[in-house]
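**Student:** If you look up TrEMBL, you'll see 6-40 marked as domain 'Transposase IS30-like HTH'. Among the features that TrEMBL reports, region 'Disordered' is placed at 161-183.
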């Protein structure tokens, strides 16, 4: 079965709907043509469905939103870890219900049992670990500081050598005072 011939009406519809910002697939559904036919018509009309810059901007915005959400969630996880840490040394109410007479008993302990403390520590460790994975800590610049100090020391040594004609003497620890009473 032959496909229906393309008409000026099809071309006008593609041009009009493209100008409205519709996607190729949406235009194809609207004019009851295949997406490949719409692509061919758009190419004939010099139209493009390339939306790279729009997609790029949307992707950047989405990444920024997700980053903010991850930071907020990491903060919640840190709060959970801190709340759990507070429970490590807090008085803890233990209770039980049962027995043949269905009795209720409770005891207030000064702190959680070792098993409960292990469970609390596990919760803390998991929350902190996930928090750090969501928002890793920034480099504190320690490596750069060490590099600056190394450069400073090298500069001082070069200055000393230039002024004294030799490298500085090796540093020696002062001898500790003897603890014994020998003269």
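Note that Cβ sites are derived from N, Cα and C of the backbone, with glycine treated the same way.
TrEMBL entries are annotated by machine, without manual review.
Note that this is a predicted model, so its numbers are computed, not measured.
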**Student:** Mind checking how the domain 'Transposase IS30-like HTH' (6-40) divides into helix, strand and coil residues in DSSP?
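**Tutor:** Tallying H, G and I as helix, E and B as strand, the rest coil: 26 helix, 0 strand, 9 coil.
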**Student:** For the domain 'Transposase IS30-like HTH' (6-40), would you mind checking the mean pLDDT of the predicted model?
**Tutor:** 90
